[in-house]
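Read the structure below first, then the notes.
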Amino acid sequence: MEISTLAAYHCLVLAWYFFVLYSLTHLRTEERPSEVFLYGGQWKYLTVLNLFLQAVFYGVSFLADVLRLIKELRCAKCVISSRDLLFSVLAFPVSTFVSISFWILYTYNRELVYPKSLDGVIPSWLNHTMHTAVLPLALLEILATPHRYPAKKKGLFLLGCASFLYVSWVLWIYSVTGEWVYPLFASFSPAGLGAFFISSLAIVVCFYNFGEFLNRMIWDSLQIPKGAFSRWSSSRSLGTENSTPGHSTSGDISPAHSR
């Protein structure tokens, strides 16, 4: 995808997520079920945190595109590294987890994750924006441009830290309010809840590996020589690639892609 086209795409998606967050934070106060907006507000829900995460990611992506367009390649390199780390460790696995886990639990028993009382507060289109559209947009991002994944240990460590922080936030809210963020948690014993959190982390790790697999499968299909993927993806991201994928450029300064 041409840099200008990619910039336009990232700008549109960024504007979309800003609009969604604005719509979500400006719901009419008198229509809000009080039990939903207790301590922590909307920011205790992984869905809302994911929307903010996606907005940050697309903002960084758009900034990288702009820097490439104005030929500020040294600055672009740093921003692109941040973009790729954000996408690989958080943006893709979290959005995939949010979408798939929500609809599985919603189908089983919606009251566990999205009580019927919310239907009068959150429009259907906003629900699908939060829980459905995030997944195809994440997949489109993989198709749009290659991303350099970090070393496996580093990526999984950062993902584990992010998961630990969210679980700690959930437990803190329970300790303060005596109410669980999701009604589902109330049905578990302490041991069962621990097993649920560990299982959820394992699923997120699977989504991390799936994203890495898709990234390599799609961009390796261009028949880039083994070992040259990271150099080519770096030069492509910076907009300095030659017509032949994998051809070395003077700007090849990317670290090796993890295996």
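Backbone N, Cα and C atoms are what each Cβ position is placed from, and that goes for glycine too.
Under the heading transmembrane segment, TrEMBL lists 7-25 (among others).
Here the transmembrane segment (45-64) has long-range neighbours at 7, 10-11, 13-14, 17-18, 20-21, 24, 76, 79-80, 82-83, 86-87, 90-91, 94-95, 98, 102, 130-131, 134, 137, 141, 166, 181, 237, meaning same-chain residues at least 6 beyond its ends whose C-beta is under 8 angstroms from one of its own. Here TrEMBL flags 45-64 (among others) as transmembrane segment.
Residues or ranges marked as transmembrane segment by TrEMBL: 85-105 (among others). Beyond the ends of the transmembrane segment (85-105), by six or more residues, the same chain brings 46-47, 50, 53-54, 56-57, 60, 112-114, 130-132, 134-135, 137-138, 141-142, 147-150, 155, 158-159, 162, 184, 200, 203-205, 207-208, 210-212, 215 to within a C-beta distance below 8 angstroms of the stretch.
The feature transmembrane segment is assigned by TrEMBL to 125-144 (among others).
According to TrEMBL, the transmembrane segment annotation covers 156-174 (among others).
Under the heading transmembrane segment, TrEMBL lists 180-208 (among others). Counting residues 6+ beyond its ends, the transmembrane segment (180-208) has Cβ neighbours under 8 Å at 40, 44-45, 88-89, 92-94, 96-97, 101, 105, 111-113, 115, 155-156, 159-160, 163, 167, 170, 173-174 in the same chain.
Under the heading region 'Disordered', TrEMBL lists 235-259.
The compositional bias 'Polar residues' annotation in TrEMBL covers 235-252.
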## Note on the structure
Same-chain residues at least 6 beyond the ends of the transmembrane segment (125-144) with a Cβ under 8 Å from one of its Cβ atoms are 1, 6, 9, 13, 20, 23-24, 47-48, 50-51, 54, 61, 87, 91-92, 95-96, 98-100, 102-103, 106, 114, 118, 211, 214-215, 218
### Remote residues contacting the transmembrane segment (7-25) - C-beta distance under 8 A, at least 6 residues beyond either end
1, 42, 48, 51-52, 54-55, 58-59, 61-62, 65-66, 69, 122, 126, 129-130, 137, 144
